[in-house]
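Visitor: One structure, as structure tokens, below. Some questions next.
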Number of protein chains: 2
Amino acid sequence: MTPQNAFYAQSGGVTAVINVSACAVIETAHRHPDKIGKVYAGRNGIVGALTEDLIDTSRESDAAIAALRHTPGAAFGSCRYKLKSLEENRAQYERLIEVFRAHNIGCFFYNGGNDSADTCHKVSQLSEAMGFPIRAIHIPKTVDNDLPVTDCCPGYASAAKYVALSTLEASMDVASMSATSTKVFVFEVMGRHAGWIAAAGGMASTSERPVPIVILFPEVPFDQDAFLARVKAEVSKHGYCSVVVSEGVRRADGKFLADAGYTDAFGHTQLGGVAPVVARMIYGELGLRTHWAVADYLQRSARHIASHTDVEHAYAVGRAAVELAIAGGNALMVTIERSADDPYRWEIGSAPLEEIANREKHMPADFITADGFGITDACRRYLQPLIRGEDYPPFAEDGLPRYARLQNAPVEKILNTPFEP
Amino acid sequence: MTPQNAFYAQSGGVTAVINVSACAVIETAHRHPDKIGKVYAGRNGIVGALTEDLIDTSRESDAAIAALRHTPGAAFGSCRYKLKSLEENRAQYERLIEVFRAHNIGCFFYNGGNDSADTCHKVSQLSEAMGFPIRAIHIPKTVDNDLPVTDCCPGYASAAKYVALSTLEASMDVASMSATSTKVFVFEVMGRHAGWIAAAGGMASTSERPVPIVILFPEVPFDQDAFLARVKAEVSKHGYCSVVVSEGVRRADGKFLADAGYTDAFGHTQLGGVAPVVARMIYGELGLRTHWAVADYLQRSARHIASHTDVEHAYAVGRAAVELAIAGGNALMVTIERSADDPYRWEIGSAPLEEIANREKHMPADFITADGFGITDACRRYLQPLIRGEDYPPFAEDGLPRYARLQNAPVEKILNTPFEP
């Protein structure tokens with residue numbers, strides 16, 4: 001009997017290592033030809049499943065699949081598309097099952113964050129109710145590191161390494177310039193609700209290599225007076241300082257700091273970019289010259305400086321997802337379980353999706369210093385093994401990495417019925 | 001007879017490889033103990049010479065000096081401090097000579113860009129006139145790549161590699177998201193007057209790896225209609241595109257695009273950040289979702305992804321400066337001369353400072369495509385060897401590079417007279 005096929009999709013914001021998990025899913029499935037037929041990927045995530053736009057990964061060479069291990073972005077396309085609730089749009093879920101049934105798909109691997117975990121959970125429930133059981137396994141992925149239960153989320157550690165390294169390099173720059181020019185460098189990083197990425201900026205400073213760094217977390221209401229006093233004190237002491245600011249920092253009234261009442265020539269409110277707001281505040285109130293940078297996509301796509309630990313995690317969760325499904329697991333998320341900080345030891349586990357979906361993990365209170373502007377030793381012990389180790393992609397003669405480009409050949413449609421996602 | 005000492009200073013904005021030149025100066029001087037005594041560095045550039053705040057590099061270990069080869073920033077501190085003209089402030093130049101005379105300094109190595117070349121030139125002229133001849137050699141350094149005569153400037157190639165790589169990685173990100181979310185990524189890079197750094201963004205696209213990239217050069221007056229039409233066309237064709245924009249892009253009336261008439265809540269004009277201006281324009285006029293990043297210091301301090309060619313250049317110009325001085329050269333800048341593109345061949349030359357000072361090299365017209373939004377094959381042939389090759393720093397157990405930290409021990413003052421620079 002021909003084994004059933006598997007479906008794999010990438011969801012939400014990409015990471016430097018989401019393709020590592022894709023690589024692991026495909027390579028692990030290949031090692032079990034008696035259990036899993038082909039691996040079909042959704043073109044642009046779950047949208048590809050809804051529209052029956054599937055990619056036949058078996059048409060790629062082994063080398064191309066292996067190269068996913070060092071390739072950023074989402075090789076099959078991702079999407080920002082949240083399925084509605086079952087009550088609101090049951091037709092979406094029924095369509096998924098219809099497509100899976102048509103293509104003899106028995107495993108559903110969904111590679112994403114919170115919203116995706118919720119989708120994965122619903123698919124697992126509904127498929128059973130509809131008499132077409134699918135083993136639905138969620139593969140964690142998010143630079144935000146805000147999934148519960150798992151010790152960390154693949155993708156986060158590489159963003160953290162990028163932010164720690166960039167903060168160090170830029171701090172060396174501003175330190176060099178501070179005698180006669182710029183005194184403060186402001187660096188905006190991602191994190192709408194949780195300060196995990198901003199926390200990584202603190203790793204640029206160690207006891208052997210002290211760097212004055214002030215961190216603004218979304219978890220800590222912004223106190224302008226305390227912040228400016230701190231910046232002033234650091235500059236007085238060191239001659240310069242760096243500020244790492246989460247995009248999601250809010251004032252005590254809950255208003256985003258980035259929404260600072262700036263308007264354009266037409267009177268429209270100007271949103272976006274908390275770094276220039278902070279930089280202007282420092283210059284305006286303290287008279288200190290500033291420079292500012294916004295990392296945006298660079299922090300989640302910098303595969304060239306990915307964390308080796310992260311790459312290992314991302315591969316392990318993809319492989320484990322396939323193994324769990326083969327063992328009959330369903331409605332689970334693969335987790336990373338830490339057993340020791342130093343030397344770092346971890347293993348793979350799993351957790352029921354009902355414990356995961358729609359829950360956000362913020363920074364623990366004991367990871368942020370009492371003044372709200374730094375990270376504690378507990379946070380350092382957590383972060384240290386995550387950002388350790390490099391995993392360089394191969395570079396070509398053109399001076400840039402040899403990132404994989406797949407053919408992404410379509411699977412022939414069977415239903416061929418229109419569906420508007 | 002004890003040989004005279006040498007003075008070395010770092011000037012202007014730092015680069016990922018300015019310390020490589022410092023390393024070369026010190027190591028080369030050490031190999032000629034019969035010709036050069038100690039190498040004294042100016043603390044915070046030329047300001048250190050004016051205030052008699054010199055650093056004794058002989059107090060550093062050989063290992064620490066060698067580690068400068070992989071360390072960004074300016075190890076001795078840089079400065080933004082332009083000496084006035086001889087006519088305006090002859091006292092500054094006389095003070096320099098006074099300090100050099102007191103510390104028996106016979107060579108003046110100045111590591112910087114255009115302004116510094118001018119200073120170096122004046123020092124060479126004045127010292128002779130004052131009966132204290134110093135061999136003044138300029139060591140080129142600028143991410144802006146705008147020094148004349150030399151084929152390229154150390155520091156530029158690493159910034160170019162960073163920008164090409166970041167453009168590639170971010171483009172893979174936006175390509176992944178474009179089906180349901182962000183369609184355009186806008187990346188702001190340095191370049192007030194010359195588009196050399198922005199041009200590097202074009203290297204992310206090759207015939208084998210086509211990436212839709214629209215470049216905005218300071219050399220090309222901004223044409224909003226043509227630009228938006230181009231972005232729209234690229235998104236229609238590819239589903240997404242990336243825009244690389246020089247900070248110095250101006251409208252036809254000469255006004256900086258970044259100065260877009262935005263005001264804050266207090267009515268103050270908001271300057272800085274052309275990326276958000278461009279992103280808002282694309283969203284406002286075309287309705288396309290955008291993301292934007294500003295690289296700022298990251299692009300000139302990213303030693304972790306420095307170009308190997310650049311590191312070789314930076315070392316070679318530092319070594320050649322010392323060799324030129326030993327051979328009696330004066331009022332010269334070391335240059336890089338290219339003899340072939342592929343395979344790349346180059347050698348070290350020199351040029352009189354009077355040909356260098358206060359001249360800016362812009363992008364040649366035949367490096368920019370006729371539409372003004374891209375780079376030509378001639379530009380690619382120029383850039384290709386510059387960004388080729390990696391030169392990774394060693395990383396430590398903390399997941400970050402082992403960047404050098406010098407003691408920077410002061411030379412005992414001899415004059416000990418106050419001087420307000």
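Just so it is clear, glycine is given a Cβ too, placed from its N, Cα and C backbone atoms.
What you see is a predicted model, and the numbers here were worked out from it, not measured in a lab.
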Visitor: Among B:E94, B:E247, B:E347, indicate the single residue that TrEMBL lists for the substrate site containing B:T142, B:V143, B:D144, B:M190, B:G191, B:R192, B:Y297, B:L298, B:Q299, B:R300.
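Guide: The one candidate that TrEMBL places in that substrate site: B:E247.
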Visitor: Can you tell me the CA-to-CA distance separating B:E247 (substrate binding site) and B:G13 (diphosphate binding site), as a whole number of Å?
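Guide: Answer for this pair: 15 Å between alpha carbons.
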Visitor: Output the one of B:D115, B:D144, B:E247 that, of all these recorded positions, has the highest number of other Cβ atoms within 10 Å of its Cβ.
Guide: B:D144
Visitor: Rounded to an integer, what is the Cα-Cα distance in Å between B:T142 (substrate binding site) and B:N114 (Mg(2+) binding site)?
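Guide: Distance between the two Cα atoms comes out at 9 Å.
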Visitor: Of all the binding-site residues given, B:G13, B:G191, which has the fewest Cβ neighbours within 10 Å once its own Cβ is left out?
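Guide: Among the binding-site residues B:G13, B:G191, the lowest count of other Cβ atoms within 10 Å belongs to B:G13.
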Visitor: Specify the count of other C-beta atoms within 10 Å of the C-beta of B:K141 (site 'Important for catalytic activity').
Guide: 32
Visitor: Let me know the most crowded of the binding-site residues, choosing from B:N114, B:L298 and counting other Cβ atoms within 10 Å.
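Guide: Of B:N114, B:L298, the one with the most crowded Cβ is B:L298.
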Visitor: Can you name the recorded positions among B:N114, B:D115, B:G191, B:L298 whose CA is within 10 A of the CA of B:G13 (diphosphate binding site)?
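Guide: Candidates kept after distance check: none.
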